[in-house]
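Let me begin by presenting the structure, written as structure tokens, before commenting on it.
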């Protein structure tokens with residue numbers, strides 16, 4: 001009976017350690033969604049354009065204007 005208790009405690013500790021590692025990994029992998037994404041756009045924007053990730057239909061040729069607009073949307 002004691003060996004089964006030790007086995008369950010061991011499984012619990014391994015599970016808690018795995019969960020702790022996942023939380024640490026998740027915190028370090030946060031993506032900053034306020035930064036504009038460089039896209040290839042045709043027509044007016046020959047060198048490409050910058051779009052907000054949340055609204056990909058709105059794109060601008062100037063990265064500074066896009067960054068200002070994307071930050072105001074959050």
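Each residue's number is its place along the chain shown, starting with 1.
Using the three backbone atoms N, Cα and C, a Cβ is placed for every residue, glycine included.
The shown structure was predicted, so the numbers you read here are calculated from the model rather than taken from an experiment.
Among the features that Swiss-Prot reports, signal peptide is placed at 1-22, with the record citing sequence analysis. According to Swiss-Prot, the disulfide bond annotation covers 36-51, 41-70, 49-66, 52-59, on the basis of similarity to another entry.
Taking the features listed in Swiss-Prot, we show where each one sits on the structure.
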residue: 36; record: disulfide bond; CB count, 10 Å: 22
residue: 41; record: disulfide bond; CB count, 10 Å: 16
residue: 49; record: disulfide bond; CB count, 10 Å: 22
residue: 51; record: disulfide bond; CB count, 10 Å: 19
residue: 52; record: disulfide bond; CB count, 10 Å: 23
residue: 59; record: disulfide bond; CB count, 10 Å: 19
residue: 66; record: disulfide bond; CB count, 10 Å: 21
residue: 70; record: disulfide bond; CB count, 10 Å: 22
Practice item. State the three-class DSSP label for residue 51 (disulfide bond), counting H, G and I as helix, E and B as strand, and everything else as coil. Key: strand
Check your understanding: About how far apart, in whole Å, are the alpha carbons (Cα) of residue 49 (disulfide bond) and residue 36 (disulfide bond)?
Key -> 9
Point to revise | disulfide-bonded residues near residue 41 (disulfide bond), in sequence order, restricted to 52, 59, 66 and a 10 Å Cα cut-off | key: 59
Exercise for review: Between the Cα atoms of residue 70 (disulfide bond) and residue 51 (disulfide bond), find the distance and write it as a whole number of Å.
Suggested key: 8
Exercise for review: Sort residue 59 (disulfide bond) into helix, strand or coil using the DSSP assignment.
Suggested key: strand
